[in-house]
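S.K.: As annotated by Swiss-Prot, active site, proton acceptor applies to D13, with the evidence given as sequence analysis. According to Swiss-Prot, the active site, proton donor annotation covers H41, on the basis of sequence analysis. Swiss-Prot lists 12-18, 40-42, R305, 331-333, 413-415 with the feature GTP binding site. The IMP binding site annotation in Swiss-Prot covers D13, E14, G15, K16, N38, A39, G40, H41, T129, R143, Q224, T239, R303. Annotation comment: Swiss-Prot describes D13, G40 as Mg(2+) binding site, evidence class sequence analysis. The substrate binding site annotation in Swiss-Prot covers V299, T300, T301, G302, R303, A304, R305.
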Amino acid sequence: MPAIVLIGAQWGDEGKGKATDLLGGSVQWVVRYQGGNNAGHTVVLPNGENFALHLIPSGILTPGVTNVIGNGVVVDPGVLLTELAGLEERGIDTSGLILSADAHLLMPYHVAIDKVTERYLGSKKIGTTGRGIGPCYQDKVARIGIRVADVLDEESLRQKVHAALEFKNQVLVKIYNRKALDPDQVVDGVLEQAEGFKHRIADARLQLNQALERGETVLLEGSQGTLLDVDHGTYPFVTSSNPTAGGASVGSGIGPTRITTVLGILKAYTTRVGSGPFPTELFDEHGAYLAKTGGEVGVTTGRARRCGWFDAVIARYATRVNGITDYFLTKLDVLSSLQTVPICVGYEVDGKRTNEMPMTQSEIYRATPVYEELPGWWEDISGARQFEDLPAKAQDYVLRLEELAGAPMSCIGVGPGRDQTIVRRDILSRS
């Protein structure tokens, strides 16, 4: 079987965990291919149990699935161990989790530099989570990073950490007036943590390709979203990796020709956490309604999410840059009881209408949304399990989004639970 990529089509927080959980029973492998513990997935099981995952793939909650933290991920050892312990305390079997030997380790100095840099930037800060993700990726690209496999060779690990801190301590002390970190203490701490995950280190790319050759199905799970991609997002207000579909191949070691289905996750409205442009952002009672009804608080940061109407411009953009074949529309139920539901179908920039994503950030900031208003519905749709169960006006809304986004809305979420999903098309049958 080929591989399936699952990506966020907005600014993250679209409900990717729900989608992964739904598909988990039909796949044998779930792979996290980029990012770190700067994003969160929320999964609600049929029994009502709620799980918030930050680093471990959502497939960990499905028995029999092998979960992989791929080479494109940056791994905070402490967060990994804490998350594993939390799952095990709740009776979840974590024995099926493996860790790519080539994933990079997030070190204490990455967190320290991230925090002081944001503080130093003040009003010009990017709005990072302060968890060291960006500095860790910087080291990876600069070829001075620490890989997971380095914990298997203490002498080599010490040499690498000493070399890294020769420069980083200069930055911390002379630029930011902070205390220097002791390289041996850093190494000792990491080696102690490694005792809890060394047995999980594996040649993940080999195992994944062998699984595909055996006819098994691999689900590649991205974190964040398309508009946070370092290349294709609203730069510089982006993450430090590639959540887009192209990053799935690089971050897992699976060749692009193995991937035949790209499932985009779209919220029925739009949210964003942190700084950056957001053309449809609402500052009125409608924004407050979406935030309250949708429970729009970041899983990882605890920060309130900015809320706005659905933006078809960024949906079309996401379809294009990811090659999206299907969409999973989430939180449609949140829109119930609104008299009208506006959809942004284009922008006006400097007096000119455009239906495409502006080329520059300054243009995005100046973009005024052009809205098309659809009539709302008042019915409770949380019990709908077939598309025909939805009120006619809710159906019209979904079909209009499908037309504007340029790919079918194959699944529709009408509540947080795994079972609160309408499946219009079998995504796996396309693979």
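Cβ coordinates are placed from backbone N, Cα and C, and glycine is handled just like the others.
I would like each feature placed in context: is it buried or exposed, what are its neighbours, and how far apart are things?
M.R.: Just so you know, the Cβ of D13 (active site, proton acceptor) picks up 27 other Cβ atoms within 10 Å once every protein chain is counted.
According to its DSSP assignment, G40 (IMP binding site) is coil.
The DSSP secondary structure for Q224 (IMP binding site) is coil.
In the three-state DSSP classification, D13 (active site, proton acceptor) falls within coil.
Sequence-distant neighbours of G302 (substrate binding site) (same chain, 6+ apart, CB under 8 A from its CB) do not exist here. According to DSSP, G302 (substrate binding site) sits in a coil region rather than a helix or strand.
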S.K.: Reduce the DSSP letter at V414 (GTP binding site) to three states and note it down.
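M.R.: Where V414 (GTP binding site) sits, the three-state DSSP reduction gives coil.
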S.K.: Residues with Cβ closer than 8 Å to the Cβ of R303 (IMP binding site), same chain and 6+ apart in sequence?
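M.R.: Residues satisfying the criterion: V273, G274, V297.
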S.K.: Given the binding-site residues K18, R305, and counting only Cβ atoms in the protein chains shown, which has the most within 10 Å of its Cβ?
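M.R.: Result of the Cβ crowding comparison: K18.
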S.K.: Which of the binding-site residues G12, K18, R305, L332, V414 has its Cα nearest to the Cα of N38 (IMP binding site)?
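M.R.: Among G12, K18, R305, L332, V414, G12.
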S.K.: Express the distance between the Cα positions of Q224 (IMP binding site) and T42 (GTP binding site) as a whole number of Å.
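M.R.: On Cα coordinates alone, these residues lie 13 Å apart.
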